[in-house]
Amino acid sequence: SVLINYRMFHDDELEESEKFYVGQPRVLLLIYALYNTLVARSEMVCYFVIILNHMISASMITLVLPILIFLWAMLSVPRPSKRFWMTAIVYTEVAIVIKYFFQFGFFPWNKHVDYTKDKPYHPPNIIGIEKKEGYVHYDLVQLLALFFHRSILKCHGLWDEDEKGESSSNKEDTDDELSLAGGRRDSSASLKSVNLAASVESIHVHFPEQQTAIRRKSSSSTSQLSHRLLEYILDTFYNISHTTFSLCFLQCKLHVIKSHCGLCCCRTLQVYVPIRQFFYNLIHPDYSAVTDVYVLMFLADTVDFIIIVFGFWAFGKHSAAADITSSLSEDQVPEAFLVMVLIQFGTMVVDRALYLKKTVMGKVIFQVILVFGIHFWMFFILPGVTERKFSQNTVAQLWYFVKCVYFGLSAYQIRCGYPTRVLGNFLTKSYNYVNLFLFQGFRLVPFLTELRAVMDWVWTDTTLSLSSWICVEDIYAHIFILKCWRESEKRYPQPRGQKKKKVVKYGMGGMIIVLLICIVWFPLLFMSLIKSVAGITNKPLDVSITITLGGYQPIFTMSAQQSQLKDLNQTGFNTLLGSYRGNTAALQFLEGYGKEDITLADLEGNSNSLWTISPPSREKMIQGLLDFSSEFTVVLSWTIQRYKNMKYLLFHFFSRTLGEVYPYYIKAPSDSLAKPIKQLLKGMYCKWKNITVSLVKNVSDEGVREWWVLNQLEKTFKTSGESLELIIFSDKVSPPSLGFLAGYGIMGLYASVVLVIGKFVREFFSGISHSIMFEELPNVDRILKLCTDIFLVRETGELELEEDLYAKLIFLYRSPETMIKWTREKT
């Protein structure tokens, strides 16, 4: 019989087709698989294309379909109806025609396209009828995706499914006759004479919870309309009050219906009734395929939160170059950043409250408010704030796309309904290393565990106080961690009497040793690498020199800027290195610098200011210079200005002559003190340079003018004329992204980072003896089940039993003997 059945159902062509398919190249099989995935999720492709079109176009024309997706299509059970897809197709075709019509140049707003194309509040830009290149490309792709999905539905016989259902229900409405009991039958029978305009289509209202309805045969469409309309009015009044209204009150309503306002009311009901019925069926479904996607919604909100934190500049005015770290370091909180963070965090709290209360109606209301609010803000308010179109704001587009993912998940949650049991944390569903480390990382986030515990206590029915609730949560978290460790010991058992393997010792122990060493030496390593590897060359912008004799007016002032500040080339750098051959200290210093860090300042020898001094002061200065028995002070000062940093030093020389007073080599470090380089200025290889000073007097019709002229002797790079050379070695500075750490210095990092981390590490290695009775539990299954039972009875409303189980848990932790019995290994 098996052979007969095999021959009966065996098909050689199918077998050959299967062999041919299996023998195809892997790339072709991958293409087949991708196509099948595309066909299976063709509605998601349509949603994606519609949202993408709206993100790029960002107009009122493209705004309608995304809202319909989140408030109609994704909320439809079990799938979007044919009416939605026909609406989307027709609307897209009409949008294409409208955009094409307004591309002609005779419209006034199309004559200055280059001037108005970037204005966010220009009316054609808002509506979506502006003239531009490729105005219809994405609409055509959207229409193609919709027709592709339509063809898939037709192939599977799902396109005409709604029409068949409607025709069958209409047939049942015509053939069946059911009546209400008592007064409702009499009231409906006395209202047969109501007649409305024949052009108004019939209205059919069906409430799922109502098992009876008034259905009558009618000879004309107008009488059928009156019967259906009266049926809706009676049923509505019955659902609101569940009592029988008087006949005179209904007759008063009928006079209103007969009037012209009644016709308008009927038109309004044609729109209102299906929408009301749609959401009513959504909130009160006949069946519910319960699901839980709160974790995915929370992750989507978290991603949006991160986008706001690191890309808040895209949501503010004139803040394209802003940085949140620099703003916070300057104790400034941008208003746009604060408002967006608070709103985003507030929506996450409301979402958590709705999830704990399991209220689908609240979720529907929240979904409607968010969909309209987000779209109104993103496409009508934000462009005015940022003064640029939404299509030009990449960060805002990314934020909106993630929010659309959240809207889709929310719609799926509404359509399926909330779970009836919310037990524990979503990370505690399995007992493995992944869940263990993720759960511990979750608990390390500041205030997240505390905020979650308080919110759960507020929006969950319980008899426990807040402290008792937190106690249960802490015990459950502790027991879950122990359960994960015990499960890992079962998976990787350690035989008795055998030493630990080297893989474990050098793997875990070696990693801890390396980690501790890195923490201890982190400041030194960080400060060394931040400038040598990631350091940025910070060249001087201005070099100034001032010379003063004996505290009188400066005799010489000069500065070098722009072209007078020259970079040292490779030949000059090699010459500098060769001049210190054999000087170990100098060569060691020069190893830390490259040619890009050295700048040659060429200062003009003539002072840029006239020498102004009173005759008495002039005589005293001359007497002081001629008196060799007393000391005379010469003050040489220099100022090196770099980007966002001023370096200066006043250096005093006591001498009667100006010999060996010029430092020639200056180091400009990252702190606030520029100083001579001792390694290059001391010893027999290089002494301080000599300079000549002379006073020039110019007599003209305008009077006598005097200024000082300086000239350096023994110049290294042989600059022509009377001038001064100054070689500056600039230390690298930390990049702006790491400036908040480098600014503390080595001692600051040790005090703020190493000591704080050391405190937490010491707590891990000390105090273990005080927690042995709670840590060394061989078997925690019974305690874990007790905690789970507390969560379960709380969800089922057994609050008295919750109190009893909580008391049992507290007694267990108060009694070491009982704890030992409860945590023994099962035999």
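Residue numbers in this text run from 1 along the chain shown.
Cβ atoms are placed via backbone N, Cα and C, with glycine included.
TrEMBL does not curate its annotations; it predicts them automatically.
Per TrEMBL, the listed range annotated as transmembrane segment is 430-446 (candidates: 141-157, 430-446, 804-820). Across the candidate stretches 364-386, 398-418, 466-485, the maximum count of CB pairs under 8 A to the transmembrane segment (293-316) is reached by 398-418. Contact between the transmembrane segment (45-72) and the transmembrane segment (398-418) is supported: at least 3 Cβ pairs lie under 8 Å, counting only residues 6 or more apart in sequence. The domain 'Piezo THU9 and anchor' (291-528) shares more Cβ pairs under 8 Å with 657-825 than with any other stretch in the list 40-160, 566-645, 657-825. According to DSSP, the secondary structure content of the domain 'Piezo transmembrane helical unit' (40-160) in residues is 82 helix, 0 strand, 39 coil.
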